[in-house]
């Protein structure tokens, strides 16, 4: 373990939150951090590796072997806790909601287990575990308070998640998350807009509207056009430069949403819409309430209204019963759709889902072969689509931590309006994350673009000011924020993908 300077004011306790899974969990972890800081804890320095006084695991139940990963990480902390009796370990998130009765049995050194519906209880549960000297397991079966009413420690100074709903009313057969996060519950529009306006007042210039099934917003109040109205309302907020959303369901993707995207200047020309399969037979088995023609029809309408839109998707390969003909239908749909990028997953059983007990589970070697064919096809399409960007002039929002080789190549990185990742030559003039630069694209790779010429223009922004202020004011009590561009699944070189049951949370 590296040597960490843990010097803090006497009596001040540090915390670390480890996040696994989807965007919902990332945003929930911001809330967990806010709750702990509100209770007097201080964030541990980056790289503390379990050296904090409180370590919180915010877990995912979608990824294969999520259980093994959690217990492996918990096991590595057991010796540290033996040496430091005052240390506390908490486990929350979807896996905690699912395995509430087994976590403390398998890892008796865990102090707190909490679920997806009661994250606001974490500080109280930690204190109760300390006083009573026994593990506290508290799982709520329904939402106690809308999470966005809780304190939040934002990870980025210039971009932010804004939750508009929680839960999901869909019943996809591969997905366990609706059972863990509950039925859909929408926030009041006024509360959402008030949060966005407050964020913009703090310097944020990009927001991502977040929901398990984001474009179903309004379903519990009976307004089928509530989401498109919300997009248009975002367009009226001064200082808000970029609006994104994730993830929509094709069933609820209506013409009024497409019109709002096209007619609201700060709604970015980008759509991440999970297809999951191109086979009507498989889509029916998945209990997805659309078919290939419907999905491709939505894409056609989006491109007619927004010609330069970048469209990305999620696809599951090897769903139970998928034949070679079914897989060829997926390949056909990918050729027709010409996605900017596809996040492709190999199906694996997830206990508790209907698909796990379906007949005709596909052999691993068949799934792997199909996966490789699909990835190769999409790589070719991604590269072809990116080549069309060469010669275009783009406005990029400068990002922090997006380019792994920026230091060695003397480049910076940013996101185009359509969320493509662009590496550009570092200008003589200082630019900060959150600032906007204008560049000309000179080269295309499958997962990124290059702008190797001089930067054409630099626009310093309030978002850049906010990043600089936070950067300067960081102290030992407030470690440097990650500053990642929060938003949709990114268009860029993907991380190595583990076998999984579905995309993201699996219910979009």
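We number each residue from 1, going along the chain as drawn.
Yeah, the Cβs are placed from backbone N, Cα and C, and that goes for glycine too.
Here the structure is a predicted model, which means the values were calculated and not measured.
Residues or ranges marked as domain 'MTTase N-terminal' by Swiss-Prot: 13-131. As annotated by Swiss-Prot, [4Fe-4S] cluster 1 binding site applies to 22, 60, 94, with the evidence given as sequence analysis. Positions annotated as domain 'Radical SAM core' by Swiss-Prot: 154-385. Per Swiss-Prot, the feature [4Fe-4S] cluster 2 binding site maps to 168, 172, 175; the stated evidence is sequence analysis. Taken from Swiss-Prot, the feature domain 'TRAM' covers 387-455.
Structure coloured by features recorded in Swiss-Prot.
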{"residue": "22", "record": "[4Fe-4S] cluster 1 binding site", "Cβ within 10 Å": "25"}
{"residue": "60", "record": "[4Fe-4S] cluster 1 binding site", "Cβ within 10 Å": "22"}
{"residue": "94", "record": "[4Fe-4S] cluster 1 binding site", "Cβ within 10 Å": "28"}
{"residue": "168", "record": "[4Fe-4S] cluster 2 binding site", "Cβ within 10 Å": "25"}
{"residue": "172", "record": "[4Fe-4S] cluster 2 binding site", "Cβ within 10 Å": "25"}
{"residue": "175", "record": "[4Fe-4S] cluster 2 binding site", "Cβ within 10 Å": "30"}
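According to DSSP, residue 175 ([4Fe-4S] cluster 2 binding site) sits in a coil region rather than a helix or strand. Nothing from the binding-site residues 22, 60, 94 places its Cα within 10 Å of the Cα belonging to residue 172 ([4Fe-4S] cluster 2 binding site). Each residue in the domain 'MTTase N-terminal' (13-131) gets a DSSP state, and the totals come to 56 helix, 24 strand, 39 coil. A Cα-Cα distance of 12 Å separates residue 94 ([4Fe-4S] cluster 1 binding site) from residue 175 ([4Fe-4S] cluster 2 binding site). Residue 175 ([4Fe-4S] cluster 2 binding site) sits 12 Å from residue 60 ([4Fe-4S] cluster 1 binding site), taking the C-alpha atoms as the reference points. DSSP places the residues of the domain 'TRAM' (387-455) in helix, strand and coil in these numbers: 5 helix, 28 strand, 36 coil. Annotated pair residue 60 ([4Fe-4S] cluster 1 binding site) and residue 168 ([4Fe-4S] cluster 2 binding site), C-alpha to C-alpha distance, rounded: 16 Å.
You'll find the Cα of residue 22 ([4Fe-4S] cluster 1 binding site) roughly 14 Å from the Cα of residue 168 ([4Fe-4S] cluster 2 binding site).
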